[in-house]
Structure formats: structure tokens, C-alpha cells
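Participant: After the C-alpha cells below, expect a handful of questions from me.
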Amino acid sequence: MTNLANQTIKSYHTSRIANGSNDLLNSKLKIEGDARSVATRADSEAQEVILRGIRERFPGIRIIAEEDEGEGGCQDMVDHPPPPPICFPLDQKLIPGLENEVESTVPFSDVTVFVDPLDGSREFVEGRVSNCQCLIGVSLGSTPIAGVMNAPFFHLAYALRSSPPIITNPSAIPFNGNERTITTNLTNMRVGMSGDTGNDALMEIQRTLVELGCKTVDYIGGAGNKAMRLLSGEYDLVIFNFKTSLWDTCATSAVVMAAGGTVTDLYGEPLDHSPPDDEEGLGNKRGVMMSRPGVPHSELAEMFGNLDSMLSMKSRREPPYCSFALMGTTTVNQPTYICLTCCPPVPGGNNLCFCPACVQKCHQGHDVMFVGNVESNCDCVENGGCQCEKESKAAANKFLRTTTAPPICCYTDADKKLGSASRLSSFSAFQIPALPSSLKSCCRNLVKATKDTHWLPAARALGDGGEGPSCPLENFAAQVFKFHLARLQSNGTIRTTIDPSTTGAEWWVQVKDTSGVNSATAIDIHYDKDEHLAEQFCLGSFPLFSTVTYLNAVKDANPTIVFDHTYEEQEDKCIEEIAISYPREGKQIIFDGRLLHGAPTNEVLKGAWGRGGDGEEEGERITFIVNMWVNSRPFIGELSDEVRERVGHAGECGTCEFVDTGVSKVGEQGYLREGERVRLHFVSEGATWDEEEGEEGEEGGRMEEGEGMDGLVLEMTALRELPEATTIIKFETEENCPRLVYVGEEQQEIEDEGLL
């Protein structure tokens, strides 16, 4: 199909040379004033050839194509919906040479074909034809699995994302298996990037790369051209502009990743090639970067994401989506408002409630009042219509396509046999006498590749047939999940009937440099939750239990503190109990997954256990976190094949033993420094931590008012020496109880608004 399309493109090129004019191309701009949006007759006719060929072979398949909205684009998804349950064969009909290499069928409804008949239309019109490509990509769900990159005047490459990857034209992919190491100072790195000089973020990235001394930083056009020149070895890193679309990146991503490269947005997050519900969802709005093996991709993305222009761009994201689109009339715990302008509350009546998205968009400028984090559903749709209904439905559909689990899971105390009113009654500590020797090195390898959290389905973790854990880290996560699930079921703590298809372990690792100060070493106070659901819909979905395993003994490491406080409760509620755990190699703690916790930096807390300064190692605090989700799962994916290869092999992790070591429980008497309060940083949007001020402001672990912190913090009475390395403290007087408070400029703003 691409060969036939290329014949069409070549015929137009030959004719215009013969005529000495571009008139026959009938060029037009899809976006006024943007030369990159040019479309020609060659584009539309080449697309017609491709679509006809695909539909003849696979009638009804979902196709998203660039040209002619009536025939392609998002409209194509409406005109040609995929028929129910038939299967789509992944065989030589679409990509030659793939017989017996992958599963023969996948769900038809999960497959999307993205078509860009002439990538680099501007280059074609301007005569730079070697930069042009025909791109056909195939995604399975959100993941590009196959790509065809066919250049009419250059190379040809096919790829399938499988293990091992299949490259039908290896000569066009020289870096496959041929890693070129980039020096630490990046002076031998060659970069090709978009020449969009009007984009502040791209220009700041370009200046940063030049200042770092990269060997070359060139401007090059065309998405496929960038990818091909990366594959050819001309460049080590290519950066796209912010106006590319999914048809530009599906095929190119599949080919680059199959060849061993890395593809993310400019903030380091994977690209999502799920079929969008409207045109807005077609764009790669966070940019695109692709790199060869040996490039410090994650480190570069982290650096780019922290540039001023990139932070500014990220902060201008759309408001959260309306929760009604996801939950309908089902009431869930969420930030809830009433609008005094539209519908004044009626005492004792059934008042209308609104979510944060509708307050920002539908009720902007109105007199609204925050009720609290309470059980409600958003009534905006029923109150005359929701202004963000369309985009909210698109986001909700995307979420529901990705997971078969309920969109939110709210655990209650009835789900657990707690034995008392305290949620810390389930807090326990264990010792693993012999940790697998490969774990620490695997953790270091993992954080170099990705900072993401990863999903391990219960079927794989429990070994219920099929594929089991496939690397040491997955193996350890599986053992933690399996041991505690069996323990909590046998003692009656978990009494819920478990659905293995929506149950599993969320796991990740943290490697913290303990030689730094404040934010570099701290794990700020936070709730573990489904971050995607919280960011997009302001809804809280939490794991059933959370575990932390310390993989090494570190001198003067921050302790882990767990507070008896949940997201649903009022922020300023008195916290009557806390658990504090000091790191020791092989030690593991487990607690209610809804609870507030962290490993904050504070010298007083570090020294609250008499032997808190002991430790055989300095420099890194390595922890392994496993969250147990039951009958619900967060919006995350499993560990990718590329990262798994960089971590290690499953055979390197043996069987672990878990020994219950018990927990010491004390009252506040004798363990508090009366009158001394410490402040611990809370993770929240807009909160700041001035490292210089924080370091200078710490005298014996005390923080004076406003020093080093601004926003929501946790304030508590300083502790004296504790009896054990794992201790639960019961506070008996209200003035000594920890609580969340606002400090600094944010406190003043809230007071000015009359909210305190």
C-alpha cells in the first residue's frame, strides 16, 4: 500500500518538474499562516490509495488519517466503527515476514491504524523531497505495536514491537544492537530538532543543549525524517515540535522502540496512542523526543521538564475534568462546592453540588462555597448543562478503555477487620533476613531508566498460570504481594472476595542521595493514590495496603512516618496516632494504604531514636514500595520490555522469608519535647520549599514561622528519644496532636478570602 501511495507522490513530483510549477499540486493551508499545515493533491490521493487498500483487507477497522476530514481524521472513527467481537490478524497481510512471531490474534476493537500519507508536506512542496515519508502505524490500545516508514525517495523500514523486535530492513536500522555511549557531559551527542523558532520552550531547550556543549544541534523538518535520521545514526536525539499528531508518531514510535530506542514526551512520559474522541486529542501537546540506546533519555527529559518555559507550559494545562462524566450520579468522596449565585442552598434540602472542574469553568466568577471532601456527585449536567462536558466525556472514555477495573474504589473500615477505631492497628513490621543480592543494583538501573510506578497483575504475582515475574524487581514485588495477601486473608483482615483480573501490585523504587539537604533527600508527606484519576478528575482512589522495604542501612537516613489521617477527613483534624519507622536493611513495614505518610527531612526526627545515626552505608537510601490494590487498579502500565532488559533477569532473585518483628506502642508522656514544634513539607500543587532558607532555618530541627516553607505543611510536636526503631505513638492532649496547617503566603491568601 505504501508503495502504491509512493507511486502517486512520485508522479506528482515528476509532473511538477516537467511543468516547472507547483500549480498542479493545488496546495492549501489547513491552518492560516502555518506553512507546516500545507496539504496537496498528492496527500489526498496517496491517502485514498492507502485507505482503500486497508479496508479491502480489514473491513471496518478503525483508521485515523490526516487528510480530508470527511474520509479520515477523527470523522473516520464515527463513519467506520469497529464491528463487535471479531479478531484482527497480525500477519503478513499488513507487515511482511511476521508469521509465527507473535500471537496470531488480538481484539479487533483494540486496534487502530494511523495514516499519514505524506509526512513532510511542506518539504515536498518546497522541493526537499528526501525529507518526505509515508507513515502507517498500528496501535494496540495506547501502545504503538507496528509501523511502516516508506520514504518515496529514500529508505524503507518495517518494525513490529515484539520480543525480539523484527526489523524487515535491518540495513536502515544500524543502531539496533549497536549502542553508542554518550559521554556524561554530552559533548559527543548529536541532536536534530524542530526549527520552530516561535516556540519559547523549544528555543529554551535548544539554548540549553548548546550551553551543554552538544556536538551538533541542527534544525530538521518532518516527523518521519527525524526518526529515520535517528535510526540511520546521523543523530542521537531528535526533538519534535508541539504540533505533531498521533499519525506522525505511531509508526515512528513503533520503529524506533523496536530498534531499541526510547520515545516519550518532553517531560519523560510515554506517548498515548489510544484513539481520541475528538480532534483535540490527536495532538502531542507535550512535545516528542526520541533517542538512541546509550542516551541518558530520562535525565534529559527531567532537565527539559524543569526549564522555566516548560514549567509554565505545564502549569497552563486544562482544568480538571467534570467527575460526572466518569461517575454519573454515583456519589463519591470528592472536593465539593455549592454555588450561591446559581442555586442558593436550602436548609435541610437536597442542595446541588459541583466538582472543582465545574467551579472553574461553569461557575467562574460566581459566589461559590467549598463544603469539604464529602460524598457527592456533580449536578452541573442536570443544572442546565456542563461547559466542559464534551472534553470530560472524552477523558472518561479514554480512562474506561484502558482499565476493566471500577473507575474508583473507596475502601471503608468495614472492608477490614481492624479490631479498634485506629487505622494504625494494622501497622506491622517484618524483617527479611536475606535480601536478594541483585536488588540494589537493579533498583539503581531502574531509576536511571524511569521514575514511573509499575503494575503487576495478581495472576502474574501469584503464579496462576501463564507468564510470571520476568525480572528481579517484579519477582520481589510478587513475593511481597503474595505473602501479605495470604497473611491478611488468613487473619481475617481482608474479607473481600477478590477478582484477580482487577487486583494486583503497584510497585516502584526510590533511590535518595542522603548527602544532600531538604528536598533532595526528603519524601514529602503525601497520600498514595491513583495519580491520573486525582489529576484529571480530582477523585481519590487508594490502595488497600502500602508496604515499604528498606534495602540498605544508611547513616542518618530519614525515618518513615505514617499518620492516622486520610484524604476524606478535614485537613485540620487532630491526628491522634502516628507510626515512625527508622530504616534498617531488610526491614519492611505495611500499613493502611489510605493513610498520610512520608519520609521527611528533619534533624530532630532523625535523632529521635537513640541509634538513629548508625548505618554501614552513606550516600543512598534505597527503598522498594509495593502497594496492594484489591478489586481496583490505578491508571498505570506494566514494566516495559525495554526497561526490563536494562534491569536484569528473573533468575537472579531467590525466595524471601518474612519474619514478624512486632511494633512498640507508647503514649506521649516522656517522648515529646513540650513547646517545640516541627514542620514537615506536604506534597501539594503550588507549595514551595526554599532549600537555602530551609537549611539555614533549621536549628535543632525547629522551623520558625514562615522559614523555608510555604503552603500546606504538617505541624507536630518534636519527639524525644524513642524506645524502638518501629514505634506507634498515641497523643493524649489536643495541643500536642499533629495536624495539617497552611503557612506563609498561602495562609495569608486563605485568611484574606475568609476561608480560615
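From the backbone N, Cα and C atoms, a Cβ is placed for every residue, glycine too.
As annotated in TrEMBL:
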type	residues	note
BINDING	Glu66, Asp116, Leu118, Asp119, Asp248	Mg(2+) binding site
DOMAIN	320-391	domain 'UBR-type'
REGION	268-291	region 'Disordered'
ZN_FING	320-391	zinc finger
Participant: Where among the binding-site residues Glu66, Asp116, Asp119 do you find the Cβ with the fewest other Cβ atoms within 10 Å?
Facilitator: Glu66
Participant: With an 8 Å cut-off on Cβ distance to the Glu66, Asp116, Leu118, Asp119, Asp248 Cβ center, who else from the chain surrounds the Mg(2+) site?
Facilitator: Asp43, Val115, Pro117, Gly120, Ser121, Gln133, Cys134, Leu135, Ala223, Gly224, Ser245, Trp247
Participant: Have a look around Leu118 (Mg(2+) binding site) and count the other CB atoms within 10 A of its CB, chains all included.
Facilitator: 29
Participant: Count up the helix, strand and coil residues in the domain 'UBR-type' (320-391) according to DSSP, in that order.
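Facilitator: Its residues fall into 16 helix, 18 strand, 38 coil.
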Participant: So how many other Cβ atoms are close to Asp248 (Mg(2+) binding site), meaning within 10 Å of its Cβ?
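Facilitator: Around the Cβ of Asp248 (Mg(2+) binding site), 29 other Cβ atoms lie within 10 Å.
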Participant: Where DSSP helix means H, G or I and strand means E or B, what are the helix, strand and coil counts for the region 'Disordered' (268-291)?
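Facilitator: For the region 'Disordered' (268-291), the helix, strand and coil counts are 4 helix, 5 strand, 15 coil.
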